[in-house]
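Copied over from TrEMBL:
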type	residues	note
REGION	28-47	region 'Disordered'
COMPBIAS	33-43	compositional bias 'Low complexity'
DOMAIN	50-140	domain 'Heparan-alpha-glucosaminide N-acetyltransferase catalytic'
TRANSMEM	91-109	transmembrane segment
TRANSMEM	121-140	transmembrane segment
TRANSMEM	160-182	transmembrane segment
TRANSMEM	194-216	transmembrane segment
TRANSMEM	306-327	transmembrane segment
TRANSMEM	339-360	transmembrane segment
TRANSMEM	366-388	transmembrane segment
TRANSMEM	408-428	transmembrane segment
Amino acid sequence: MSSMIAVTTTELDERQPLLHNPLSLSNEEVEISNTPSTSSSNASPPPTQRLLSLDVFRGLTVALMILVDDAGGAFPCINHSPWFGVTLADFVMPFFLFVVGVSISLALKKVSSKPLATKKVILRTIKLFLLGLVLQGGYFHGRHDLTYGIDVGKIRLMGVLQRISIGYLFAAMSEIWLVDSITVDSPMTFVKKYYIQWMIAFLFCTFYICLLYGLYVPDWEFEVPSTNLFGYEFGTKIVNCGVKGSLEPPCNAVGLIDRFFLGEHHLYQHPVYRRTKQCSVNSPDYGPLPPSSPGWCLAPFDPEGILSSLMAAITCFLGLQFGHILVHFKGHMQRLCLWSVYSFIILFTGYVFELLGIPFCKPLYTLSYMCITAGASGLALTIIFYIVDVKHFRKPTMILQWMGMNALIIYALAACDLFPAAIQGFYLGSPENNMVNKHAEAHSRMHPQIEDGSTHMFKTVIITQFLNHYFSSI
């Protein structure tokens, strides 16, 4: 007979350490019963356990992130799209945001004190934002420079964890303050309970579209660093725009807002559009500038900027609604059918927007891109939930589950290069004579066409060996 799952979560656990998991916002426990419910008042409650499919989905996202970081240099087709279009790597960030939304619905299912819950949400947001600032702001210099520290006048203010913290803040606040307290016993009461959240998400989308297509982008200038490797003379370069509604790299409203509020020196200095045909002879990979390349190829642009992060928060809102279905609909088939239908509707909407002229663009986080990635996130969760929590095929997903429960630690060690940087700190005779550099030199001789992929390959081998050893010992 079909299993019954009833979510029984509490508020955010104040004692939970931040490093446990940035995306697991509660204990994410569920009650699982393999027998029909009885009417006896003396019946003991069923045991509780974590929603394992959410851990597995989170772990799968971490594994996908490591894969595209490692193999992106060798296979640009799975690397981030240079500007327009969607590749495998472009699903990583939406997957993370979607999982955050689902987790929030479980963590804040019951809120006994709204001010206390708000305080916890704000504190967690600040911690996550500051951690992202340290990990991605430029404080750690990477394997080419065995030093650390950053000029605060040039620190990168936005990043992956910062975007996640913003999406988490908006979604959690809406769950605390904008949800009706009525009991859900029909589709109509379900809509009535959460319709304000849907209105807020619609207003966010409208606000984003109005700014993206309505803001006038004037000519602007930036400083070419003296250390650039492309032969450009350092100094001030002028980018000619004077347009409204452009989605091209140099003249879009997303970059305009970031330059105005964050400042040129606090943006990401190696934007993905340097792999476009205008800026790379090896497009869609990085490479030397073409002879007639435009000056904006060296301009900074943050793919996790302010306006695009506002749109990215909508992915958290959609994950939130999928979590509400998990909370209020107890039958497996109900959940699977509703999730599948909504996922295909969101996917179809994304393709309709693309046909209407809104292209897929991850750096701008366009409406069409948001829809297709959120729809894909819903389908992925549906499949994993069916495999892990309905059919109980859990042994093959054990490593992914472990990665999902330790997502932030793996992210910091692998994606932020802390692990290879720590290994590189041990050298013999001179700083250049270290294990990471020796591996990089050997790999470059074997695969000269792959640039800067050795660090990722090295760390992947080490982490994989560690995981294999870890699981073989338990």
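For all residues, glycine too, the Cβ spot is worked out from N, Cα and C.
By the count of Cβ pairs under 8 Å, the stretch nearest in packing to the transmembrane segment (306-327) among 121-140, 160-182, 366-388, 408-428 is 160-182.
Sequence-distant neighbours of the transmembrane segment (339-360) (same chain, 6+ residues past either end, Cβ-Cβ under 8 Å): 81, 84-86, 247, 318, 321-322, 325, 366-379, 381-382, 385. Confidence over the domain 'Heparan-alpha-glucosaminide N-acetyltransferase catalytic' (50-140), given as mean pLDDT on the 0 to 100 scale, stands at 89.
Residues 52-54, 56-57, 60, 86, 90-91, 94-95, 98-99, 102, 205, 208-209, 212, 247, 311-312, 314-315, 318-319, 322, 332, 335-336, 339-340, 342-351, 353-354, 358-360, 394, 397 of the same chain lie 6 or more positions beyond the ends of the transmembrane segment (366-388) yet place their CB under 8 Å from a CB of it.
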